[in-house]
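Lifted from TrEMBL, the feature list:
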type     : residues                                                                       : note
ACT_SITE : Cys694                                                                         : active site, nucleophile
BINDING  : Cys443, Ala444, Ala445, Pro446, Gly447, Gly448, Lys449, Asp467, Asp494, Asp644 : S-adenosyl-L-methionine binding site
COMPBIAS : 249-263                                                                        : compositional bias 'Basic and acidic residues'
COMPBIAS : 296-312                                                                        : compositional bias 'Low complexity'
COMPBIAS : 331-343                                                                        : compositional bias 'Polar residues'
COMPBIAS : 590-608                                                                        : compositional bias 'Basic and acidic residues'
DOMAIN   : 349-810                                                                        : domain 'SAM-dependent MTase RsmB/NOP-type'
REGION   : 234-350                                                                        : region 'Disordered'
REGION   : 498-558                                                                        : region 'Disordered'
REGION   : 585-630                                                                        : region 'Disordered'
Amino acid sequence: MAETYKHFQPNVTWDPEVEAYLRGALGDERFEATAAALTRPPRTTCMRVNTLRTSTQEVMARVRQLLGSGWDQDVVRVHPQVPCAIVLQGSGPHEVSYSAAGGREVIISRKAGEAVLRGAPVFAPGVLAVSAGVARGELVALAVGREKPGSDVPEVTRGTTLYTAVTTATGAEADRGIADITTVATATTATVIASSSSSSITTTSSTPYCTVPVIGYIGASDTVPVLIHAAGGSGLDSNLASETPGLSPDERVPKGDAEKGSEDVIAPSGEGTPAEPEARSRATGPASMKGEKEGSSGAAEAEAEEAVVVAALPDSTSRAGQKERRRQRHGSSSSDAISTTNKAVARPAMPPSPLVPGWTLSSQGPLPPRTGLYVGLARAAMSRQEMFRAREGLALELVEPVFRVPPAVGGLPSGWVMLQNLPSVVAALALNPAPGSRVLDMCAAPGGKTTLMAQIMGDKGEIVAFDRTHAKVSEIVSLARELGATCITVRKADAGKALERSAGDQPPTSSCTGQHPSQLQPPPHSITAIVTSEHASTGCGGAPSSGREGQYGSPSKDAAAACKGSLAEPGKDPGATAAVFAAATAATRGPERAPISDKGRQREERRRAAMIQRGITPPEPRDASVPSSPAVYPPESFDYVLLDAPCSALGLRPRLQQQSDALYLRQCAAAQRRLVDSAVRLLRVGGSLVYSTCTINPGENEAIVRFLLDRYGSSFQLVPAGPPFLGRQGLVGRHPTMVEVGRCISQPSTTTATQVATAAGQDVLQVPVTSESQGEEWLSEVEAALVQRFDPSDGDLDTIGFFVAKFVKLRAVVS
Ligand SMILES: C[S@@+](CC[C@H](N)C(=O)[O-])C[C@H]1O[C@@H](n2cnc3c(N)ncnc32)[C@H](O)[C@@H]1O
C-alpha cells in the first residue's frame, strides 16, 4: 500500500443564522480565527493543584520525574499569575503517516474523537466502526464519525464493519481529499447490473473476493450496497487475502455475531420476505430499522441509472446464500432475488451524487469520506469483536496522535491535581471566597469550581452546591471526596427555585413596567466601603494581584474578618447572615434518605444492571450524601454566589461539529436570566457574585451582564473580574436584530416608571421591567474593561472560550 498522509483539518459548518450573528459580533476575521481554533484542542493543558492535599512544588517535582526523557522539561511550568495552575505545553497538529495501519481503520464517536484530541485514549463505548478482522495489537487509522445534522445520533452506527478502504493518494490530491481508493470488499459475489452511456465506467463480473479500484458508491438499497468501479481498474483479484494486509484468509467468510454485518451487507434482502427486517437491521443498522433513509432522492436515482454498478449477490456458502436457499425452499426463486437486487439498484438511496472518491463500503452501507477527520494512529487494545461486546475498557491507545499532550496526570497520587481549564480557575479566583464564609455555587457539577473554592477557603465555611440531577450531584460528591474537600453541601435542585418566598411573594416577573435603573437616585451607601473589604487571595497559594483592582482598593484585609465583619452592610449584624443561613440550612434540609449500606448499594447496582439489560432506564443511583429534598433559602443567605451558568458551550474545544441554532442560544440566555434573578436575591448586601460561561456567544455573556445591570443596576455594581486578569475585554455595543427570548428589559427609553421604596430601614430597588424587546445590548467601554472574555483564537493564551463578570451587591432587591 502506498504511503498515506491524512491531514487533520475538519470542516465544521455552523448554523447560518448563528454564523451571521457571530460574524456581526466578532467581525469576519475574528469569527474565522475563532471558528478554526474551536476545531482544535488548546495547545496547553491546565492542571489545578489541590492545595488541600499537596503543594505546587511537590506536584512539579513529581511531574518532572514522570515526564521522562521523551519530553523537554520546559513543557511543564507553573502559571506565572496563577500559582496553583500547572500548565503542560502540547503541540500539533502533526502530520501522521498511516501506512503502518495497512488500511485498517476505526471510526470513533465525535465525543471520543474530541477526547482523543485532548490526549485521551479510546474506550470501548466510543468505538463505532472497525475494519473487518482487526485483532488486538494491530495498528489502525483513527477517524472521527460525525453526528447526523441537528442530532446527537452518530452518522455511523455502532457495530459497523468497514470493508477496508485504503487511500492511496499522496500530496496535493490527498490534501484536497481527492484520492484513488482501493476498496477491498468481502463480497462473495458481484453481479453487473447496468452500464451507462454517459460514463466511461465499464462493467465487471462476479468473483468470490474482489479487490477493485472504486471511485465511489452510487448508492444502496436498504440492504444492497452498490459500487461504482473505475474504468480500466485493476480488475478483480480472486485472492484477496494474499494481497490485502489486514484481512486474513478466515475473514473471507466472516464468522460470529460481530461479523454478521459483513455478510449481510452483500445480501439482497428479498424485499417483502420474512428475512427482510433482520437482514436490513444488520446491514444498515438501527437507523434503517427505524425507517430512516438518508439521501434518497429522485436525482440520486437518475444518476444511479446512468452509472455502471456492481451489486453483490449471495453465493452458496455465505449465510446470505443459505437464507436465499431457505427462501427458495419456501417458494420464492433466486430470480426473485435477482429481481429484488435489480429493483434495489434501480432505487438507490445513498449517497445522492457520490462520484467522489473516498467513500467506504461498510455493513451500514457506503460511508462518506472522513477527509480531515483523522486524529491519529492507534493500537487496538481489544479485537474488533471485543470492542463491540465490551461495555467499558480501553479499546485503542494512541501511538501517533495528531495533537500531543505531555503525559503527567496519570502517575500522580489521587487527589493531588485535577484537570481544569485555566479560565475556570480564573472564575473561582475572581470570586475569591473568604475562609469561613457561606458560598452558593448555583450550577456546580461536576464540581471543578466548587472544589477550587473549597481550596481557596482552606476548607473552612460552607459551600452549598446545587445541580439538577442525582447523577450530577453525585459527581460533585465524588470529586469533593477525592480532593478532600469537606465544606461542601450538595443540593439536588433547580437553583432558579432556590429562593424561599413568603406567602405573598411573586417570582421575578418579566412583564411589569418601571423606569430604567440608571435614572434612579444613587444609593446612600458608598460602594467603596464594600469593595475595599475584599480579602486577600488565599487557597490557590496567593496569586499575586495585578492591575485593575487598584481603583477599587487593595485587597488586603484579613480574610475571615472581611467575611464575618467588614463585608457586612453598615448597621447590620455581622453575624446575621450566618444565623439566617444556619437556620435556613437546617430548615430546608428536610428528610434526607437513610445512608445506604454496602449491601444495599450492591443490591441497587444489580437491580439497575438488570433493568438496563431489559432496556429500561433505571432511576438514578442513590448516594448517601445527596439529600433528595428540595432546597430553598431566604433572600440574602450567602456571602458569595457563583453562577457558572449552563450555556451553549460554544467556547469548548475541540469541537468537530457545531449543532447550536439561534433559538437554542436564545433559550440559553433566557435560562441564564432566570438564574440571575435568583442569584441577585440570594446574595447578601455587600457580597460578591461571579457570573461565568464557557461560550463565546455575547447573548449569554455581555447581554446577561447588561440585563443584570439594567434590571438591578442600583443594587449591583460591576467590578473587575479578577485577579488574575488574563482574558480580553468584553464586547461593546449592541446587536440590532437578535431577539431575546423572554427578555423584559430593553433600552432606557422604553421604560415608564420608577419606584424606589424604603423597607425596614434599607434601600430597596423595585425592579423595573419593560414589555418591549429591542435587540440585544452589550457593554459600554468602561464596563467591557471590567469583564474577562477568553477568546479561543487568542494565540498567546490559547484557552477555551470563556467569560467572567463580577458584581458586588449594594443593597437589597425586592421583586
Ligand atoms: C457549566 S456547568 C457547571 C460546571 C461547574 N461549575 C464546574 O466548574 O465544574 C453547568 C451545570 O449547571 C447545571 N444546571 C443547569 N440548570 C440548572 C439549574 N436550574 N439549577 C442547578 N443546576 C443547573 C447543569 O446540570 C450543569 O452541571
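Glycine is treated like the rest: Cβ placed from N, Cα and C.
TrEMBL does not curate its annotations; it predicts them automatically.
Its own atom aside, the Cβ of Lys449 (S-adenosyl-L-methionine binding site) has 25 Cβ atoms within 10 angstroms in the protein chains shown. Here the recorded positions are Cys443, Gly447, Asp494, Cys694, and the one whose Cβ sees the fewest other Cβ atoms within 10 Å is Asp494. The two recorded residues the residue listed as 'active site, nucleophile' and Lys449 (S-adenosyl-L-methionine binding site) have their Cα atoms spaced 13 Å from each other. Sequence-distant neighbours of Ala445 (S-adenosyl-L-methionine binding site): residues of the same chain at least 6 apart with a C-beta under 8 Å from its C-beta are Ala465, Asp467, Lys472, Val473, Glu475, Ile476. Residue annotation for S-adenosyl-L-methionine gives Cys443, Ala444, Ala445, Pro446, Gly447, Gly448, Lys449, Asp467, Asp494, Asp644. The furthest Cα pair among them is separated by 19 Å. According to DSSP, Lys449 (S-adenosyl-L-methionine binding site) is assigned to a helical segment. Secondary structure at Cys694 (active site, nucleophile), as computed by DSSP, is coil.
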